[in-house]
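Everything on this sheet refers to the single structure shown next.
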Amino acid sequence: MTAPTVPADQHGHPLPGPADPAANDTWRPSRYREPLHPDNEEVLEQAAYQAAVTRSSGDDRKRKIKPRRTVDYQGGVQKWRMLNKLKGVHEFRPAIHPNPSDIVNFLPPVALRSNPSTSICDYWVHTSINKERSPTRVVRWTPDARRLLTGNDKGQFTLWNGASFNYESITQVHDDSIRSFTYSHNGQALVSADKGGTIKYFTPHLTNIHGFQGHREACHDVSWSPNDERFVTCGDDGLVKIWSYREAKEERSLSGHGWDVRCVDWHPTKGLIVSGSKDMLVKFWDPRTGKDLSTLHSSKSTINTCRWSPDGHLVATAGQDSVIRLFDIRTFRELEVLKGHEKEVNCIEWHPIHHSLLVSGDALGTINYFSLLSPTPSTPITTLSAAHEDAVFSLSFHPLGHILCSGSKDFTARFWCRARPPGGQEFDKWHLTEEGAAQKELERITKREWGTNALPANAAGGGGGGGGGDKQQVALPGLSNLVAAVNSVKTGPTTTGGGPPGLPGLGAPNVHAGTPPSRVSTPSSMGPPGAGAQGQAQGGQFPRGRAALPSQNDMLRHNHGPRGGFADRDRNGGGDRGGMDRDRDSRGGRQDPRGNQMYGRGPGGPPPGPPPGQGGYNYPPAPPNYPPYPPSSYPPPPNNQPGYPPAPNYAMPPGPGAPPQSYPYNRPPQGPPQNNNPGGQGNYGASASGGYGQYGGGGGGGGGGGYGRDGRR
């Protein structure tokens, strides 16, 4: 075959003509003269979509790539095999310390048969949410343990990866809600039942090969015989039926329950069937004869689930009474009652390796672990209080026992693995709920920052009448920068006599913290005279009642004076608060023994002046129509009390160190009342704005007055 000729002119140059089609072809063979296969349409569409998303506005920010959690058991299995081969001692196990580097010594549960506590799966790994928003009724691991199969209320099977827990596929298999499905022991068959009573056969690849109507009403549970030739089902028609798998034919119908049968399970090695019903009975059946062997009447409510232990000696039942009951089939007696749930228990699962470990889920979303080897087997050893937001319907352990999967009414399937060597998972939101975890985190931060487990109550100042602050001086969040500023200001004497000053508006720390106050009728302002805040801090008492509100005339008459100072309250440690506002101005006084008249600004108050018998002071002469005052039962203040020297008469002008002035009831209208300044000592009744109350441990001496001078000494 000759090469094609190219037209040329007389000089041999090629004539202009159409372009060479090979010149526009960008493809050239690179190896063995075989062209590369072009991308298919799906790849091109994905590339175009990604380019469009990148060019779109508002998506220029960098996306944070989060790696998916993966639980790989191959490392632990290989480590265990290596130890058995190299050490030559089958029971040799390396010690595991609370250090992240010791995770390499984490062996599978089969290598730690003598320690069931290592197989508690309470560490959250992943939450898988089905594309179809429907409750997850059943969860089961596939026989090869590489995937997890879930069934929901819409009749769909969903496959999840068993290592990375990502979604793989979804298949519509039933027309109604899937209530139960289980794999055969050899892993070659799958039988499922739905709410309509339909039973279907599937291959391991989820291919439907047969289906028939098994019960007239909903079918709730399915269980295989030990040799995989038969399986048993139960339903709301009150019957327990035994079926031949190969013939898809009913062999025997067991009747004896008086209501819906909610659960059934075949013994793992023997010809024995257990069933639980809504009639509160647990029955044991002989599958060969169909007779009722025994009936247990321990439960007082509906039986929701029943499961044989892997060794076949125990059977666990649970229901609406929120407890799990263990029975020994060798005696047909109740062995133990496991408590710890607050709502009805919906599912039970035994650990495949550690047969003394039991896990259960209830209608509140709680998952509890019980150990029969525990000193107190009736109480859970681990509780996941907030494992799900709604009821837990199904639980399933990985065949190796290192992962637990739970299905719930909140449309999710959650995966839990064993705790890692550092620990700390017991303080997360799954164990303590959101509020408990936040409180625990706050305590941890508080302990790290201030060296204490929690912020002491009233650490920065005392309340009314009770003890002041704690002995330990603790900085307050957000106010620690004010300490230097407060220390640089002269704040005057404190209750501790030279102790650290308090923060503005928060009181002063009180080192004399005593017994807590008691609520009795004796007012706190009637403590030991002269003790002030210190005396009340060691045993102060709260006033029980409040005086009656003053009349409108009294309020208008006493409203002209300014209120007392607030700086003294900040230094008043544990003293009682005086009348800081107009509606509290009767708390600082005490009740008149003759009735409802109050010392202070209460209506119908006593004549002015201090009570008799204190520091040599006497009452002024009472009006003719006013009954005499009873003698005081309180001891006088100590002699030479600072700030209160005895006075020979009441004619002294007001000022520092002067006793209160007295006025008769019908005082002259001319001129304002004396000692009305906010810095002086308040009187009873007339001086509504006195700065310091003379009597009581920090109480407001005069109506809306400030805080007691005695409370600061």
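Even glycines carry a Cβ here, placed using N, Cα and C.
Keep in mind that this is a model prediction, so the values were computed, not measured.
The region 'Disordered' feature in Swiss-Prot is assigned to 1-37, 448-474, 490-713. Look at Swiss-Prot and you will find 131-170 tagged as repeat 'WD 1'. Residues or ranges marked as repeat 'WD 2' by Swiss-Prot: 173-213. Feature annotation from Swiss-Prot assigns repeat 'WD 4' to 256-295. Among the features that Swiss-Prot reports, repeat 'WD 5' is placed at 298-337. Positions annotated as compositional bias 'Gly residues' by Swiss-Prot: 460-470, 679-713. The compositional bias 'Low complexity' feature in Swiss-Prot is assigned to 534-548. What Swiss-Prot records for 566-593 is compositional bias 'Basic and acidic residues'. Sequence annotations record features per position, and here Swiss-Prot assigns compositional bias 'Pro residues' to 604-613, 620-672.
Note on the repeat 'WD 1' (131-170): residues 68-72, 125, 176-183, 186-187, 192, 194, 204, 206, 390, 393-400, 403, 405-413, 415 of its chain, located 6 or more positions outside it, place their CB under 8 angstroms from a CB of the stretch. For the repeat 'WD 5' (298-337), the list of distant contacts is 262-270, 272, 274-278, 280-282, 284, 343-352, 355, 358, 360, 362, 370, 372, 377-378: same-chain residues at least six beyond its ends, Cβ to Cβ under 8 Å. Confidence for the repeat 'WD 1' (131-170), expressed as mean pLDDT, is 92. Across the repeat 'WD 2' (173-213), the DSSP tally of helix, strand and coil residues reads 0 helix, 22 strand, 19 coil. Remark: secondary structure over the repeat 'WD 5' (298-337) totals 0 helix, 22 strand, 18 coil, with classes taken from DSSP. Across the repeat 'WD 1' (131-170), DSSP helix (H, G, I), strand (E, B) and coil residues number 0 helix, 22 strand, 18 coil.
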